[in-house]
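Read through the structure below, which is laid out as structure tokens, and then see the notes.
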Ligand SMILES: Nc1ncnc2c1ncn2[C@@H]1O[C@H](COP(=O)(O)OP(=O)(O)OP(=O)(O)O)[C@@H](O)[C@H]1O
Ligand SMILES: [Mg+2]
């Protein structure tokens, strides 16, 4: 059998047409996702030379990443901020999702969900600037307070600090947290709640013993959706933080582009990725009891 | 039934949704250890009645007492958790995130050991020993139903409400589970209100049947009485197919192809309906034109021709047209008898097996 007929046969086969169908996506994913990731991994074990990356294998970048106090503390701060943003976002999102699912008339639910997504209509950058305008040194809050004479000098505690971008990020990610929680709450069979009450539990206790555990998968999704991107967020700290308190992403940017130490930047990036993965897996492992075995 | 053993007493309960009355003036009394079946067609307000007793639906008016204590009236409205009412749902509503044992223990407020003892005792009782550590999704429908039963019984409710608890089960499983359920319920001594739209289930399970239609309770009584002395044509029709023979009552007598029927108490010249269940039509063979010799109880025999006969296993349904007047009637006979279409047969109606109702205007 010649190569040509084999090729023709392959093209007609189910596997062949399947491959042909997925190949655009596959090529796209390989080029834009897998390849850059592999490059980063490769860079992280190479040696930094002056202006060039020398193809010499080393673990030095990782040793530097994990032992240098500066990188460690920036990493810890990023983790702390991400956790704070995640907790705040989910805590604020849950009541909203609960309200829409349990107290909004079924006919009005779509309208509510639509309203929740409205913030997405403006670009993320514009929303971040908005918070800057609100929280900034000469921002709405400060000038408002000064105009009414409550304070004499602008408060620095509300701008250019960790609190400021926790607030900004929590707002930015709120819809991402509300939607998955809403979906699991919608799926909860209402007769389960009646059953809880019939068995002698108050509404609140029924919530704690039935609704909350059953909504854990949604909470988990919300947590991961917020936590994973915020730890790598780079725009918000830059704008709100005024570059003064860089998060790990800003640190990587500086190393890669300003200090031109690509291998070290790559090593920090890979380490950050590993830490996020580890924290996420640990989180999922802790709540695994609530994630499995439900119909 | 002494007055003191009355567990559940509901009076004049009514509820409307958006101006449409769904439950109207429903009153019922159930004693401890008694099973009352609330029987009625779909949408007649059975579930709504049950939900009002459970406290998850608020009545517009009326009162509910449990063990003499008002749980709902003009002044009181106890929340579900304070009513000592157990509810079994059509879909069982087992908590998917808890094991069988945790499900059963959900309503128990005792310490851990007492809980474990009660859970084991109940699982034993419903024939599911050792099922404690399983999750609901690992159980069959029948097993889930029994877990739901055990869970509802665990806190020893005074009143047990069941909303079509067997409708999701396989036909052949059903009888066994019905009997187990009944046995366990009797042992626990709760007053049971069981909602169903299946007459067979009500007849089998109920000490008493409350027949509901359009939000009203139209008849209450022991299964035997409700079946054999229906209050109206529709009540009779709810339990089986029926044959209806119309006639005009004159001087307390109504003439029909089956001879005259005594119809005292019906307006002179008014149309009456004589209702007979298919299994109560007596059939006799033609024997070369010599008809049967009916007893006085059977009145006159009428001749008919078989149009169609269907074999259903335990019984055969024979459709006939009467020679006189051509009315179609259906008789149910033991399955061994399956006459061919065109066969001529004689029919008789036992006077004590038919019901006479005035023709509704
Ligand atoms: N929350 C509600 N809002 C509006 N109408 C309702 C509500 N609940 C029930 N109904 C209406 O009340 C009527 C009786 O409902 P119910 O559930 O009591 O019937 P049912 O006798 O249990 O019927 P089925 O045998 O089909 O379960 C139905 O027509 C239903 O549409
Ligand atoms: Mg119902």
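Positions of Cβ are set from backbone N, Cα and C atoms, glycine also.
Taking TrEMBL as the reference, the stretch among A:51-70, A:111-130 described by the feature transmembrane segment is residues A:111-130.
Nonlocal intrachain contacts for the transmembrane segment (A:162-185), taken as residues 6+ away from its ends with a CB within less than 8 angstroms of a stretch CB, comprise 77, 81, 84-85, 88-90, 92-94, 96-98, 100-102, 113, 116-117, 119-120, 124, 127-128, 131, 135, 211, 214-219, 221-222, 225-226, 229-230, 233, 236-237, 240-241, 245. Within its own chain, the transmembrane segment (A:111-130) is flanked in space by residues 96, 100, 104, 168, 171-172, 174-175, 178-179, 182, 235-236, 239-240, which lie at least six positions past its ends and keep a Cβ under 8 Å from the stretch. Taking Cβ pairs closer than 8 Å, the transmembrane segment (A:206-228) reaches residues 82-83, 85-86, 89-90, 93-94, 97, 173, 176-178, 180-185, 188, 192-193, 196-197, 276, 279-280, 283-284, 287, 290-291, 294 in its own chain, all 6 or more past its ends.
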